[in-house]
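These features come from TrEMBL:
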- 12-31: transmembrane segment (TRANSMEM)
- 37-55: transmembrane segment (TRANSMEM)
- 67-86: transmembrane segment (TRANSMEM)
- 98-117: transmembrane segment (TRANSMEM)
- 129-147: transmembrane segment (TRANSMEM)
- 159-179: transmembrane segment (TRANSMEM)
- 191-212: transmembrane segment (TRANSMEM)
- 218-238: transmembrane segment (TRANSMEM)
- 259-278: transmembrane segment (TRANSMEM)
- 284-303: transmembrane segment (TRANSMEM)
- 352-485: domain 'GGDEF' (DOMAIN)
Amino acid sequence: MRWPHSASPAYPIHVGFLVTATVAGVAYGLADESGRNVVYALVTAVPVVTFLLALRARHLPDRWPWIFATIGLVLLTVNTLIWPTWITHHLGRAEGSMADLAIANAHLVFMLGAGAALRRYAANDTGGILDAAMFGVCAGGPLWEWLVRPHLIPEATPLGQVMLLMDLLVLGGNIGCLLRIGVTAKKARGPLAYLIISTAMTQVSMVIAVLTVHSSPVWTAITMMIAYLAIAAAPLHPNAPYCTIPQAAAARNPGHPHLGWLGAALCVNPLIAGVQTVRDGNGASLLLPIGTLMVVPLVLLRFRQLSLQRDKAEQTLAHHASHDELTGLYNRRHIVGEIDRALDEVRRGRLDGIAIILCDLDGFKPINDRMGHQAGDLVLQAVASRLAECVRADDVVGRLGGDEFLILCRGVPEQAVSHLEERIPAAVSMPVQLPDSVVSVGVTIGCAVASSGSALDRDTLIGMADATMYAGKARRRGDATGYAARHIAMESH
């Protein structure tokens, strides 16, 4: 069998779904009771076959969630064989029987597997998914209170009513989630549409079963078979892989949370219960406690997601406020603040001393001028990474600007300076691989130390290191006069 790929047309799947659903519906309507049981059982096995074929053809990436979902479909088929008359004689009666529990658990296994397969969409749009789930759950409230509950038979048990209500609310939440995913997952809309049809038809079948409990169950079974065939069509769709592996997309702007809508969702169930009480004086309804208990966890998850989103934004702002965007090192504002705090500790006798090391690159400007700013940025990033590797764990490395870096060493400054004066030149001078060439730069180091009891301030200390660094550059060029002129100009400035 040649499996459809993403470029294949989807119309054969649509035609096949419509034809199969029509044939199954007509066959079920014309058959006797035993024949109907056979037709229904065969239809429940169709999605098992299509999922197994899709898994065998590797049409469904991230196989384990789909395998788990397929196990749920197998359980549904097995339950249908064990209780062949469940769809016609038990669904909608809210009996809370063993068959109801077994089939509900099989549905749960499938939904957990499908949810795990779609988890990457939830990770990219957690807030939107939670909002959609809440709206879907709350939308089940009017359905239960005004359409289902008034038509339940007197023999309905409390457990059966709870299970039926939870089924309706969970299905509504699933429809909301799938619709939300479909908004952003353009490539996956085909298979998602089939999952939405399946979920909606399952919900419709339950409602029809309640409304027609004393009449023919044909439409209950037909709508449920449509649900099964829609599930079967989903893995056959050419774009089914996109359900598991989302397309790369630009980062979504979460915007402002719709707290007004959130509040409205929370008010739905109490409002319905209040209207029902005023209308007929009967306040005894499962909707308020069960519906609210199902919505509260979603609300808590939504608030936690908003809290994490805020914390992440605050961390990002704090990082940008203290770090250089290009190199990832601390920026000038943070590094001078660290020097001030370290000098204060020296004056208070809490530190033996500190040292600052200024590093100015040699040969960087010709690279930046000749090869462009992009090449210069790559060199600065490479140098920043090497400087960070040279220092001790409690040393602070920052970029002052341009091609000038500063290292703050606490503790025993003389030893730290001696160690870094050996390591830094060798590390910085190593070649830097650019996209089109290999370049290298040198470094001139200037050091200044503030020992215990020193009254030096930050500007004086940096000035001393700066003077030492320029003296080193002058010695290297053999141009002491040039150094003196530059130093005087610097002091006058």
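Don't overthink the numbers, they just go from 1 along the chain as shown.
Yeah, the Cβs are placed from backbone N, Cα and C, and that goes for glycine too.
On a predicted model such as this, the values are computed, not experimentally measured, just so you know.
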(message) Over the span of the domain 'GGDEF' (352-485), how high is the average pLDDT in this prediction?
(response) 86
(message) Would you say the transmembrane segment (98-117) and the transmembrane segment (159-179) are in contact under the rule of three or more C-beta pairs closer than 8 Å, pairs 6 or more apart in sequence?
(response) yes
(request) Mind checking which residues of the chain, 6+ beyond the ends of the transmembrane segment (67-86), have their Cβ under 8 Å from one of its Cβ atoms? (result) 37, 40-41, 44-45, 47-48, 51-52, 55, 99, 102-103, 105-114, 116-117, 231
(request) Find the member of 12-31, 37-55, 129-147, 191-212 that has more C-beta pairs under 8 Å to the transmembrane segment (218-238) than any other listed stretch. (result) 191-212
(message) Let me spell it out: take the transmembrane segment (37-55), skip the flanking residues so only those 6+ beyond its ends count, and list any with a Cβ under 8 Å from a Cβ in it.
(response) 1, 3, 20, 24, 27-28, 31, 63, 66-67, 69-70, 73-74, 76-77, 80-81, 84-85, 87, 221, 224-225, 228-229, 231-233, 235-236, 240
(message) How about long-range neighbours of the transmembrane segment (191-212): same chain, 6 or more residues beyond its ends, C-beta under 8 Å?
(response) 17, 91-94, 107, 114, 143, 147-148, 151-152, 164, 167-168, 171-172, 174-175, 178-179, 181-182, 185, 219-221, 223-224, 226-228, 230-231, 233-235, 237, 239-240, 242-243
